[in-house]
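Shown next, in structure tokens, is the structure this report addresses.
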Number of protein chains: 2
Amino acid sequence: MSLKIRKLDSSAAGFDAALAAVLAFEASEDEAIERSVAQILADVKRRGDAAVLEYTNRFDRLDASSVAALELPITELEAALESLQPKQRAALEAAAARVRGYHEKQKIECGSHSWQYTEADGTVLGQKVTPLDRAGIYVPGGKAAYPSSVLMNALPARVAGVREIVMVVPTPDGVKNPLVLAAALIGGVDRVFTIGGAQAIGALAYGTETVPAVDKICGPGNAYVASAKRRVFGTVGIDMIAGPSEILVLCDGTTDPRWVAMDLFSQAEHDELAQSILLAPDDAFIARVEEAMAELLPTMPRRDVIQRSLEDRGALVKVRDMAEACAIANRIAPEHLEISALDPQQWANEIRHAGAIFVGRFTSESLGDYCAGPNHVLPTSRTARFSSPLGVYDFFKRSSVIEVSAEGAQTLGEIAAELAYGEGLPAHAKSAEYRMKQTG
Amino acid sequence: MSLKIRKLDSSAAGFDAALAAVLAFEASEDEAIERSVAQILADVKRRGDAAVLEYTNRFDRLDASSVAALELPITELEAALESLQPKQRAALEAAAARVRGYHEKQKIECGSHSWQYTEADGTVLGQKVTPLDRAGIYVPGGKAAYPSSVLMNALPARVAGVREIVMVVPTPDGVKNPLVLAAALIGGVDRVFTIGGAQAIGALAYGTETVPAVDKICGPGNAYVASAKRRVFGTVGIDMIAGPSEILVLCDGTTDPRWVAMDLFSQAEHDELAQSILLAPDDAFIARVEEAMAELLPTMPRRDVIQRSLEDRGALVKVRDMAEACAIANRIAPEHLEISALDPQQWANEIRHAGAIFVGRFTSESLGDYCAGPNHVLPTSRTARFSSPLGVYDFFKRSSVIEVSAEGAQTLGEIAAELAYGEGLPAHAKSAEYRMKQTG
């Protein structure tokens, strides 16, 4: 198998434009999908259970008599957990324990506590921090059903203190994935409905007679699910609309090229649109990685997807030095960034924009995907410039708290009234002045 | 002037549906606006400065020769500040100092620090927290040009440590608002372009030869601006798409009814879609508030807007008691919640969902709008169930940090490989196994 992966050199003329072309990705919008989703959502909003039941029976080829019959009893989740091979179950539980532990630390560090302070005149200011009442988690059915995703979405919500977690997962032709159901139990999901698609998103957003309305919907899905999430945003919160997955490997040439090759493969095997890029200051090393890829590719079960992904969207980039590699990494703002180098910390210090930074050659991305502890739901498509991994903070929200003392109302009233008159809002001014002794 | 404001009773049959009808608000989508905005954005993306200049000259009736000529020199901001009346300037500076002070406290409390911990085997896990590189602030021109909004958007970004803040504000017919320009200077804005509408949002999102691309766009705007923000979301972050402003007053009947009436007015004067609702357990008190409103309305310069807003969207609701008022408040999840009562703190403790909680009768909403310190950009339309006031946290983001030790790679590798094989992702498994001594 010959692999034709794009090669760039940061010193070459036109490098910036060439890199931009590699990174360019426009999610296409499908008119037919948009129309269909809009109609399904409107129908679920209007007819509730009846609509959800009809769409589910039709699209998933089921014969359920009610939406209630589509809810899985907890005993079925328990049976799924019992059915796993001991080694598989142990791995799932170990991963959950580590992810839970990390997010518990995060809860302490990320400012999930209410706070306030009192000023000299007795005025109290602060913020009240509260978890969401109810979260919904979408889990895709079929091939892309990942138990690790169930854990990564449910555990931060659980740790944040969300009262109820409702999971939806389609079961086309009635096929259930025991790993996914076991993960739901381990992750602390409260209720599971075997519904999917835009109808499931509608049910979670608007609520039906049987499915409770949630406050935020998380989790990945196909184009219908993504469109539906976008449309219900505002009625409920959503996590993010993820683009194709990405890895950027920065390597100083001191790592086994086969390790680097396999790390690039691990991203590429996700799907054909996934993006794997290597930045290295050493032509000879890049050549060795290329050789390793050519050698390893035929051994990979998912070689067709890997090849297509690498040839369409991958790149091997020769850079001047590791400092330049860091600067380019900040421009790319990748979802996953591996720093495979001697003294990797010095380079990690230079990174401002990345979903997750994998420091040092022993930290393969796949360890983070499953069990290191941090969340694997990460910002893609350069959105790491302004957004963060899914975390505990996505499952709480803040209310400002303001308690102005009688004395404080005098000084603040004067400032507010002056500005309110300036903005042409006299009722605002009067409302402040009423609290001032000299005028009220 | 007779004022016909809707009255509800929580004990009456059909109350839940009646309340839902009062709260129902669907932002209408205008096809013509959508098409126009899509076309302007595409044009700005393709032609950069040339497109921005053409649209600005056409829509704002200007005759600028270049986009560079639309940038205001810092001296012009300084001149605007100097031109203010001393009292106005003092009020603006006092408000800015208080808002800055509150957000500095918030920065400390809300988890803006990087953190990490080391496990027994040497594996390091944590999060790196960094400010955004560049933020864009949209400020509307004309009537709705509020200097307080400039402060509320710029100061959290400045306090968070954003490197550069770029403000855009349209100046139709060349008319500049000195209060807005002065607020930009006080708020720490770095660059100001006198451009607006969808073309300004496009310029900030994509960047042009002259306008730098930003990472996040904040600030209110008209239907074109809202549509453009929604469309560029993903390329950049956005704050939120705000609905009509809302106030919910909970009063136990012990506050001067004129204070309550004026607080309801202060929201209603914003615009005809604004929503003002009172919950009180006392029929006689509600009648006194109604009398106060009838008496005060003719004295208000913006009485037409107030009347329309109150009659179309307002409500006076008799509740069983203050505990029920709190439960209904959580259902409404209002943008602004005033608790005007004896021992207001006991009721504040019951509130889970609100943008801002104004505790006690001296805390009029208008004090929070201008100068108490907390942000006045707040979640509307029940989104306080899952979102928060604009804050310092909106201007930084997080990167997971994972540094697995050689020893850690052994134990984690085993878990990851097991789960990766289970999910049908063998390159993930191999990549983990390479780091394990027994297999790599």
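Cβ atoms are placed via backbone N, Cα and C, with glycine included.
Given the structure is predicted, the values throughout are model-derived calculations rather than measurements.
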Candidate from A:Asp133, A:Asp173, A:Asp190, A:Asp369 that TrEMBL assigns to the same substrate site as A:Ser245, A:Gln267, A:His270, A:His336, A:Glu423, A:His428: A:Asp369
Shortest C-alpha distance to A:His336 (active site, proton acceptor) - which of the binding-site residues A:Tyr138, A:Gln267, A:His270: A:Gln267
List of the recorded positions A:Glu335, A:His336, A:Glu423 facing chain B, defined by a Cβ pair under 8 Å: A:Glu423
Among A:Tyr138, A:Gln199, A:Asn222, A:Glu335, which are recorded as recorded positions, the nearest neighbour of A:Gln267 (substrate binding site) by Cα: A:Glu335
Recorded positions listed as A:His270, A:His336, A:His428, least Cβ neighbours within 10 Å: A:His270
Which of A:Glu335, A:Glu423, all recorded positions, has a Cβ with the fewest other Cβ atoms inside 10 Å: A:Glu423
Other C-beta atoms that fall within 10 angstroms of the C-beta of A:Gln267 (substrate binding site): 33
Least buried by Cβ count (within 10 Å) of the binding-site residues A:Gln199, A:Ser245: A:Ser245
Euclidean distance between Cα atoms of A:Glu335 (active site, proton acceptor) and A:Ser245 (substrate binding site), Å: 7
Minimum Cα separation from A:Gln199 (NAD(+) binding site), reported as the residue among binding-site residues A:His270, A:Asp369, A:Glu423, A:His428 that achieves it: A:His270
